[in-house]
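**Q** Below you'll find the structure I mean.
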Amino acid sequence: MIALFPGSFDPLTNGHLDLILRASKMYDRIIVAVMTNTAKKPLLTTDEKLELIKENVTSIGNVEVIAVESDLTVNVMHRLNASILVRGVRDVKDFEYEREIAAMNSRLSPEIETVLLLARPEFSFLSSSMIKEVGQFHGDIDQFVPANVEAALRKKWANE
């Protein structure tokens, strides 16, 4: 069974990595799809995100990382023959949002199942936005993101 784990991953967090690892144990193949969030201006380019994620999942044999141009998630899933949509949930707010998206996806493509994985407590407060906020003001983010992501962010902020 093929599962899709989409996100903007701007940046990839340890919470994202935990979800990828857990999902990789549940499904034959996990496709991590770097998608564009049209509501936000990204800090990292798509190519940077792809490279950073790939460096962190190379040891997980059934995980593939791809970039997806603007499209509906259900359309992407059809093209990839994925039947499971994996999403992470940190809190009630996330749950309500994901429930609404799952309902819409179900109407658009009834054969697609959404599986919500609860964030582990140590990651339940993490968000890419929060990490960017803390990091750009020189706060310590090394416990929240993989080392290569922290290095890429520090380099990006140093050049701004």
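Numbering starts at 1 and runs along the chain as it is shown here.
Just so you know, glycine gets a Cβ as well, placed from its N, Cα and C.
Worth saying up front: this structure is predicted, and the values here are computed from it rather than measured.
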**Q** Of R22, R87, which one shares the substrate site with S8, K40, T73 in TrEMBL?
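**A** When TrEMBL describes the substrate site, the candidate it includes is R87.
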**Q** Which secondary structure state does DSSP assign to H16 (ATP binding site), in the simple three-class scheme?
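**A** Reduced to three states, the DSSP call for H16 (ATP binding site) is helix.
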**Q** Just to verify a number: CA distance, L126 (ATP binding site) to T73 (substrate binding site), in angstrom, no decimals.
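**A** On Cα coordinates alone, these residues lie 23 Å apart.
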**Q** Anything within 10 Å of E98 (ATP binding site)? Look among the binding-site residues S8, K40, T73, R87, comparing CA atoms, and list what you find.
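**A** Cα filter at 10 Å returns R87.
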**Q** Measuring C-alpha to C-alpha, could you say which of the binding-site residues V89, S124, S128 are within 10 Å of S8 (substrate binding site)?
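**A** Within 10 Å of S8 (substrate binding site): S128.
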**Q** Please name which of the binding-site residues listed here, H16, S124, S128, is nearest in space to R87 (substrate binding site), Cα against Cα.
**A** H16
